[in-house]
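The domain 'Acyl-CoA dehydrogenase/oxidase N-terminal' annotation in TrEMBL covers 1-61. What TrEMBL lists as domain 'Acyl-CoA oxidase/dehydrogenase middle' is 65-160. Under the heading domain 'Acyl-CoA dehydrogenase/oxidase C-terminal', TrEMBL lists 172-318.
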Amino acid sequence: YGGMGLDFSYNIAVAEELGNIRCGGIPMAIGVQAGMTTPALTRFGSDELKKQFLMPTIAGDFVACLGISEAGAGSDVANIKTTAVKKGDEYVINGGKMWTTSGCQADWMCLLANTSEGPPHRNKSLICLPMNLPGIHVAKKIDKLGMRSSDTAQIFFEDVRVPTKNLIGEEGKGFTYQMLQFQEERLWGVATVLTPLETIIQETIDYTRQRKVFDQSVLHNQAVHFRLAELATEVELLRSLLYRTVALHVEGNDVTKFASMAKLKAGRLAREVTDSCLQFWGGMGFTSEVLVSRFYRDLRLMSIGGGTDETMLSIICKYMETLPTK
């Protein structure tokens, strides 16, 4: 279908390299294409669907978006309200999606919707939804704190009709498929923050070395260079956890626990590094002229998007409870 047939570790290598881009929005947009909207389609979609949606997405001719979050259901995916009711050989879709990355320009959406009245973890399906169909309304482009080069949309569906053949895999398996997609999305997110965090630390070292306060460089203070050493160590520990998780994933293991741990740590470390380093820049750090202030805004999303820190903690706790007691 136009891909190179490489394993997931190559996605992570690309994600790390994209971290050299001096903003968070572009790596995120590419990540939506590569690791958020397409994994379920790749694994479970029909040959016809892959030709119609996957091939042009891989080629870069289509922009894809992921329709999961709603105004009342962000990390709580089971609580989504959007419905896709089967009528003949079509689904009729009603509802809406919120905080949809690339939603203003997307050619198609990987949509999660309720396709039955059953239990919330077994009544959902993933559907390839062309975004040019009647009844799809892109209500607005959302103004955001960070990731400002990435468009984020609020979208409503009013009696949108889509062929039932656009269903990805089996009906009712959408929640499970999306949970699998989340693991790769979260690992991509972790990989994209490693290089920015390294860059921020190095630029802070360079700046504090030449910035003088009380007749000596800021870096000369032990509290400063010890703190930067601690942060650099934390980044390397996160990298090791990521690589271990990816290796296990490539071997076919369930990495939900480790992916959740990595996502949790990446979000918290992104906040810690950017906040600590911005402080060492003083008044200059509070301007829009330096990279640290941009990443202070952009990387804040890491603790929210793709599952909040609190959601990651809940997942980790559930896996820990399965361990045998001594």
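Glycine residues also receive a Cβ, built from the backbone N, Cα and C atoms like all the rest.
Nobody curates TrEMBL annotations by hand; they come from automatic prediction.
Averaged across the domain 'Acyl-CoA oxidase/dehydrogenase middle' (65-160), pLDDT in this predicted model comes to 95. Applying DSSP to the domain 'Acyl-CoA dehydrogenase/oxidase N-terminal' (1-61) sorts its residues as follows: 42 helix, 0 strand, 19 coil.
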